[in-house]
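Novice: Pasting a structure here, questions to come.
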Amino acid sequence: MSPDILSKIPVGQIIVGAFFVFYWIQAFFIIYHLVRFGIGVKPKVVALIYFVGAIILYTLVSSGVSQLSFDGLAGLFDGVVNPDFMREVDPFNMISK
Amino acid sequence: MKYLDIFNFSKYSFDGIKSYENVILYLNRHWFVMFGKFLAFGLLLIVPFVIYAVFGEAIVSMGIDNLFWLIVSIYFLFWWNSLFYAITMYLLDSWIVTDHRIIDSEQKGFFSRTVSELSLSRIQDISTHIVGPLTTILDFGDLEIQTAGAEPKFVFKEIPGPNAVKSKIMVAHNEFVSMHKGDVEVHEGIGKGLM
């Protein structure tokens, strides 16, 4: 795979997307268990409160993510990671050219 | 609006309840068991605000305050899920005493659930264990039911008012034994006779 194709893959969005999928699967399990196995009214009310809270938090986070520029984030790590270093090192022999 | 019935359906209906069966007691662990967890979750809730109070200026000067609050909101998503996971496990760990049997339902994670059942006629001995000053003041502890045979004991863990529960189970046991001579289920017999 050429480096150009790799650079076009939106890694940030994929990670955030996978995180949200994981979050909603977990949310489903919590609601399912409370409604399916809970005895009496209390677990159902708890499931409703959880669901409403989960939607509110999810809306906040997803609006935050949509306003965030993943390209801009890379600039934050300029001082930490030197991309030139990667170009100068042979990844197979680890011999500096 | 049929689906909203789950919010006002009969108080203690559960899967497998028989038409002639009445729930005498429905028990979860004492609220104090959850109190410690709620306290821990309360502390975890304020952690991001403490971090911001300490490192707020540095965060703003680096221009990453938006990123910081995004990470905090993702943290709150995890916090919310973890809190309700704990509440779910608490609510699903329950004991039901009916006028015919005792059901012990233990939830040890999303995919690990143990449900045991004991007929009231098989009760041999009931004992309670209240150990420690807090449990004595708040009146909660364990209740053990010794069954006939080599079956393991039924243990109600950290339930509120174990002595009162013990008395109610003994009354239910005596009534059951007096109404079911020879351990024959009279209700099922009547049902079969009618069919």
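Indices start at 1 and increase along the chain as displayed.
In case you wondered, yes, glycine gets a Cβ from its N, Cα and C as well.
Keep in mind the model is a prediction, meaning the values are calculated, not measured.
Feature list, courtesy of TrEMBL:
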TRANSMEM  B:31-55  transmembrane segment
TRANSMEM  B:67-92  transmembrane segment
DOMAIN    B:95-167  domain 'YdbS-like PH'
Novice: Which residues, given as numbers and ranges, are at least 6 beyond the ends of the transmembrane segment (B:31-55) yet have a Cβ under 8 Å from it?
Specialist: 68, 72, 75-76, 79, 82-83, 86-87, 90, 134, 138, 140, 158, 160
Novice: What are the DSSP helix/strand/coil residue counts across the domain 'YdbS-like PH' (B:95-167)?
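Specialist: So the domain 'YdbS-like PH' (B:95-167) is made up of 15 helix, 40 strand, 18 coil.
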